[in-house]
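Novice: This is the structure, below, for whatever I ask next.
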């Protein structure tokens, strides 16, 4: 007893978490139920945590799990997995379970004796509500024999934390839970349920009202869903495992890579049902639809002009302020927008990626190429409503319209010019 007490007080023995303590295991059957995205997420989480624990000097030089993870093509399950299950009945009794968990129903199939360590707790056990049999689709009242049959099916999917006895249902959040046992967290939330490393992380108004329930332990940012929190936490690791095969740019999330690759492929899967315009990102389509409903909520206080989008409003204000925040490091020229600087940079690099399919001439931008191609088709789609004259480019039409303004006519008369359309 004295030895145990001494070990508990020894600071060198407290707060350590080994890689194997935060490793999630799957049986072959469970692994087979995961789709490609879920398997990729599992792989990312394991590799990131191996890197994190390694940086603390707490991981083995070569973990069996890490070796298995490097093989992307093989669906695997570690042969040395030895884990114990928790039945739903044990989970309902609360979090104060002692010792190892065991299957309560003796009729459980031997395959159900495999379970997995846990990550994320979900309160899904509501008293008095009927439980639905996930395999047969039947609903059972609490305590019925059919409900006991359901316990057999889910026995292998309920897990228990070996440190505090909490029971969980899912296998993708144990890292979040176990870290609470391994880090010093002196600042406790006023509700008494959570602790943080920094006092600035505590924001009980948002967390306990349900507005945001999942908080990042590094920066205190809160999220409504654990999946969004996991995506955010990759920012702090600095790991960017997803690399673009075309330009070499790396990303910390696979979905970010997919969006980026649409730049190279030209894929624009989101189409506006009103005008047929397509977009590569769904959020851009949502913003675009405001054009059709006539929403213009942003007003410039300098000139009274209205804008549909906040970013367009900000760019417009630079006309009044003269701000040109994007400067070319090569020649010092400044630009209002980042895209303007990017187009200018091609002057220095000589890059002309847009080629005319009719004559082979190349251009720095897609719009320049499209404008050039109109010369081949002799398309004149911009017509003056005053005189009916047609032009190939909208900019030429705008320049022409000045001829019809009273100021321009007065000026031409003063110089003895004859205005003709």
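Positions of Cβ are set from backbone N, Cα and C atoms, glycine also.
Heads up, here are the entries from Swiss-Prot:
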- 120-129: compositional bias 'Basic and acidic residues' (COMPBIAS)
- 404-415: compositional bias 'Basic and acidic residues' (COMPBIAS)
- 17-88: domain 'KRAB' (DOMAIN)
- 120-146: region 'Disordered' (REGION)
- 402-421: region 'Disordered' (REGION)
- 159-181: zinc finger (ZN_FING)
- 214-236: zinc finger (ZN_FING)
- 242-264: zinc finger (ZN_FING)
- 270-292: zinc finger (ZN_FING)
- 298-320: zinc finger (ZN_FING)
- 326-348: zinc finger (ZN_FING)
- 354-376: zinc finger (ZN_FING)
- 382-404: zinc finger (ZN_FING)
Novice: Please indicate, using numbers and ranges, the residues of the same chain that are 6 or more beyond the zinc finger (354-376) and have a C-beta under 8 Å from a C-beta there.
Specialist: 343, 346-347, 392-393
Novice: Is the zinc finger (326-348) packed against any residues at least 6 beyond its ends, judged by a Cβ distance under 8 Å, and which are they?
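Specialist: Residues 315, 318-319, 364-365 contact the zinc finger (326-348) from elsewhere in the chain.
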Novice: Given a Cβ distance threshold of under 8 angstroms, which distant residues of the chain, six or more beyond its ends, lie next to the zinc finger (298-320)?
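Specialist: Beyond its ends, the zinc finger (298-320) has Cβ neighbours at 287, 290-291, 336-337.
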Novice: How does the zinc finger (242-264) divide up by DSSP, counting helix, then strand, then coil residues?
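Specialist: The zinc finger (242-264) comes out at 11 helix, 4 strand, 8 coil.
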Novice: Write out how many residues of the zinc finger (214-236) are helix, how many strand and how many coil, based on DSSP.
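Specialist: For the zinc finger (214-236), the helix, strand and coil counts are 11 helix, 4 strand, 8 coil.
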